[in-house]
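Single-structure report; data block below.
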Amino acid sequence: MTAGLRRAVAAEWVKVYSVRSAVATLAMVPLLTVGIAVLVIVTGSLPPGETILAAGLGNAVPAQLVAGAFGAMLVAGEYGSGTIRPTLAAVPRRYLVLTAKALVAFLTVAVVALVAAGGAYLSGVLMADTARNPVGGVLPALPGFAVALGTVAMLGVAVGGLVRHPGAAVTAVTAILLGPLLIGPLLGDAGSGLIDASPTAGLQKLADSGAWPTLALITGYSLALLAVATVALHRRDA
Amino acid sequence: MIEVRQLTKVYGGRRAVDDLTFTVQPGRVTGFLGRNGAGKSTTMRMILGLDRPTGGQSRVAGRPYTRLNNPLGTVGSLLEARAVHGGRSAYHHLLFLARSNGLSRRRPAEVLEMAGLSDVAHRRVRTFSLGMHQRLGLAAALLGDPPILILDEPVNGLDTDGIRWIRALVTGLAAQGRTILLSSHLMTEMEQTADHLIVIAGGRLVADTGMRALIAEHSRGHVRARSPHPDRLAATVESAGAAVVPAADGTLRITGLSPATIGDLAAEHTIPLYELTPCDETLEAVYTRLTSDAAAGDPATADPRQAVSAEVVR
């Protein structure tokens with residue numbers, strides 16, 4: 001990491017921990033993830049044999065939405081408050097700012113998501129009737145969940161850089177995450193491909209080793225969108 | 001030093017900044033004057049690399065701003081004081097800026113002390129008054145102890161104490177040899193602070209001169225004359241090429257001739273004179289006329305009468 005990027009990351013990290021709403025948003029991730037796992041356990045709604053982790057993490061789409069909104073607000077929130085101008089005056093090499101935001105978004109959300117998935121695992125161990133529904137393997141579920149949410153936070157950063165209005169940026173991330181699920185079924189074969197490639201598919205496949213190719217695909221297009229957002233950031237007036 | 005060369009910014013066909021060229025020298029306070037919408041903020045944003053010029057270029061400390069290796073240690077800037085996240089404390093706002101440039105973690109507390117904000121350092125910025133926002137903005141500008149300062153309307157919203165503080169601050173910083181560009185739409189603010197003036201109107205440069213030189217170069221002064229025979233005096237000086245406007249108090253406002261010439265003419269024609277007073281326009285009047293002339297497009301067509309209402313006796 002160059003000195004410039006290291007400094008930009010340090011600055012972005014201060015921004016995250018110094019605003020109550022950002023911390024509260026991050027706290028939603030474990031709350032939602034563990035909450036959904038507990039809900040799955042106590043309702044006993046799983047077919048016999050399905051694992052707690054597959055069901056709990058697979059349905060943690062709300063936690064993924066929060067991750068996307070967190071990333072989007074990291075950029076769009078600055079346009080909303082105007083902080084982007086002091087930020088860019090302090091770091092005029094704009095790609096450093098967006099790269100630092102993407103790194104901080106990915107790392108903080110991934111760490112929080114790992115803790116959240118650990119919480120879901122523990123609640124399975126402690127509460128579930130494991131004879132009927134086993135808890136499920138830690139791999140690839142826990143690190144996979146961390147990557148699935150961290151990547152979506154990074155996707156959110158890219159969307160926030162392109163759509164600068166806070167409300168519009170959060171709506172756009174939500175549309176990217178839920179759109180395929182809502183529209184896919186209407187499109188036949190093309191639609192199922194769309195659903196398979198959508199960020200939420202990364203969650204559904206966490207129970208088996210099929211998770212990694214899907215996660216790699218999601219990470220790939222998130223990085224591509226981040227590159228587009230970086231070019232746009234350099235071209236547009238702040 | 002700040003160098004602006006043929007800087008131009010076009011927004012949807014409107015030339016917000018139009019072929020602007022000037023240099024801001026170190027060691028003095030340079031006032032950047034113009035009415036609201038004249039293009040001051042746009043110019044400053046382009047200097048700071050925030051807006052991309054349509055044409056021309058600007059340099060600070062010899063480089064384009066975006067190529068600076070140590071931005072906060074080279075240029076301190078204050079644009080909109082309210083451009084701060086309301087949920088963050090003043091301390092943390094300065095801390096992230098300090099971290100972004102590798103400055104010491106102690107520096108935020110130091111500049112908060114200088115700005116008189118130590119007591120509210122950990123309060124969320126949302127609760128700040130406009131004056132406190134301005135002080136925080138100045139603290140941020142001073143964070144890297146930069147040799148160049150670019151401040152957009154820093155006096156806005158400050159009370160008398162705050163205004164006095166800023167004046168003393170920028171004058172002191174200029175005396176240390178720093179380069180200071182200070183914008184305002186009010187000449188009255190500049191009269192007591194700036195050493196040099198750059199005046200723009202409609203995005204174009206109308207004056208780049210010292211405070212006194214502005215009066216000397218642009219004042220349309222007149223001579224006030226009182227005589228028991230105003231009609232004869234008026235006819236005499238008019239035939240010598242002067243313009244005469246009778247004032248309500250019975251005096252004549254004579255433009256185009258020096259007091260000495262008027263006195264000589266009066267003596268030659270044996271017209272008694274009771275008073276002969278040279279009058280200059282105030283800075284404010286010169287500024288108002290300069291900026292409205294340029295807004296009207298042609299300095300030659302401006303109406304001198306509108307400037308005469310404010311005058312000062314030399």
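Placement of Cβ uses the backbone N, Cα and C atoms for every residue, glycine included.
Residues or ranges marked as transmembrane segment by TrEMBL: A:21-46 (among others). Here the transmembrane segment (A:21-46) has long-range neighbours at 15, 52-53, 55-57, 59-60, 62-63, 66-67, 69-70, 73-74, 108-109, 112-113, 115-117, 119-120, 123-124, 127-129, 132-133, 145, 149, meaning same-chain residues at least 6 beyond its ends whose C-beta is under 8 angstroms from one of its own.
Marked as transmembrane segment by TrEMBL: A:52-75 (among others).
The transmembrane segment feature in TrEMBL is assigned to A:95-122 (among others).
The transmembrane segment feature in TrEMBL is assigned to A:142-163 (among others).
As annotated by TrEMBL, transmembrane segment applies to A:170-191 (among others).
Per TrEMBL, transmembrane segment is recorded for A:211-233 (among others).
Stretch with the most C-beta contacts under 8 angstroms to the transmembrane segment (A:211-233), considering only A:52-75, A:95-122, A:142-163, A:170-191: A:142-163. When Cβ-Cβ distances below 8 Å are used as the criterion, the transmembrane segment (A:52-75) is approached by residues 12, 15-16, 21-22, 25-26, 28-29, 32-33, 36-37, 40-41, 46, 84, 98, 101-102, 104-105, 109, 113, 116-117, 120-121, 123-124, 128, 133-137, 141, 145, 148-150, 152-161, 163-164, 166, 169-170, 172-174, 176-178, 199-200, 203-204, 206-207 of the same chain, each at least six residues removed from its ends.
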